[in-house]
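Okay, so here's the structure we're looking at.
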Amino acid sequence: MEDSGKTFGSEEEETNYWRDLAMTYKQRAENTQEELREFQEGSREYEAELETQLQQAETRNRDLLSENNRLRMELESVKEKFEMQHSEGYRQISALEDDLAHTKAIKDQLQKYIRELEQANDDLERAKRATIMSLEDFEQRLNQAIERNAFLESELDEKENLLESVQRLKDEARDLRQELAVQQKQDKPRTPMPSSGETKRTDMAVQATGSAPSTPITHQGSSSGLNTPETFRCGLGSPSSGTPLTPAARISALNIVGDLLRKVGALESKLASCKNFMYDQSPSRKSGPALGRGTKNRDGIDRRPGSTAVGDKGSGKRLEFAKPSSQLSSPALPSTQGVVKLLL
C-alpha cells in the first residue's frame, strides 16, 4: 500500500487522514452496495423478463414443434399424394404413349388407304375415259349401222325399181313376141320363120329374167330364198329391228343387184336382137294392126301413148342405174354407181 510508508507529522493528522480514508471507503462501500442493490433489482427484473421470454420461447417452441409435426404430417401426405400422382402420371403417360403409337399406326393405315383410294380413283378415271371412248366408238358404230340400214333401204328401193323394170321388160317382150307372131303370120309367104333356137334362147332369157336371183339371201332362222321386195326387206331387217346387217348379207344384196342388172342387160340385148331381126326381115312394112298399142314410126320403134321405145327405155334405165344414190352410204360398202358401172 502506498499509505503504509507515508509519514505523518502528528497523530491528529494521521487520525484525520485515516478518518477521511475510512469515510471515503465507507462512501465507496455504500455506493457499491447501492449499485449492488440496483444491480440485484435490475437482475431480478431482467431475470423475470428472461423467465417471461423463456416461457414465451418455450410456448413458441411448443407451437413450432406442433406446427413442425403438423407440417411433417402434411409433408408425408403430400409425399404420398405426389407418389400417387407420379404413379398416376406415369400410367397416363404410358397410356398416352400407347395411344400415340396406336394413332400413328392408324395414321399410317389411313395414309395407305388414301393412297389406295387415289390409285382406285385414277383407275376409275381411266376406266371412265375408256368407257367414254367405248361409248363414242359404239355411237360411231351405231351411226354407221344406221347409215348402212339407210343405204340398204335405198338398195331395196332400187331393187324394187329394178323388179318393176324387169316386169315391164317382160311385158314388152311378151308383146313383142305376140307382135312378131302376128307379123310372121301376115308375112308368112315372103318372110322366113326365125329359127327355133333363137326363139328358145329368147324365151330362156325372159324366163331367166323372171326367175329368182342366183344368190339368195336368207334371214336368220329362215331357210327359204328371198324373191320379193317384202321378203328381201324382212331378210335384211328394218333399222328399228336392232339386228346389224352382216357382211355376208351385204355381199348377197350386192350379188342380187348385180344379177338383176346382168339379166336386165341380157333381156335388153335379146329384145334389141329380136327387133333387128324383125326389122331386117320387113324393112318397109306398114304400121301394125290395131291391137291397142299405138303406132310405130318409120324406124320401127313402138310409140305407144304413155311409153317410150324399148331401146330408149333401156338406155334411160341404164342411165338411171348409173346415177349415184342420194341416200346415205356406209364407208364399208361400195357405192351403187360403182357396182352398176362395173356390172354394165
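Cβ coordinates come from backbone N, Cα and C, glycine included.
The region 'Self-association' feature in Swiss-Prot is assigned to 1-93. Residues or ranges marked as coiled coil by Swiss-Prot on the basis of sequence analysis: 18-188. The region 'Disordered' annotation in Swiss-Prot covers 30-65, 181-243, 279-337. Residues or ranges marked as compositional bias 'Basic and acidic residues' by Swiss-Prot: 30-47, 296-305. As annotated by Swiss-Prot, region 'Interaction with PAFAH1B1' applies to 88-156. The region 'Interaction with CENPF' annotation in Swiss-Prot covers 167-290 and rests on similarity to another entry. Summarising the annotation, Swiss-Prot assigns compositional bias 'Polar residues' to 208-230. The phosphoserine annotation in Swiss-Prot covers S211, S282, and the record cites similarity to another entry as its basis. According to Swiss-Prot, the phosphothreonine annotation covers T215, T228, T243, T246, on the basis of similarity to another entry. What Swiss-Prot records for C274 is S-palmitoyl cysteine.
The helix, strand and coil residue counts that DSSP assigns across the region 'Disordered' (30-65) are 36 helix, 0 strand, 0 coil. When pLDDT values are averaged over the region 'Interaction with PAFAH1B1' (88-156), the model yields 93. Taken through DSSP, the region 'Interaction with PAFAH1B1' (88-156) splits into 69 helix, 0 strand, 0 coil.
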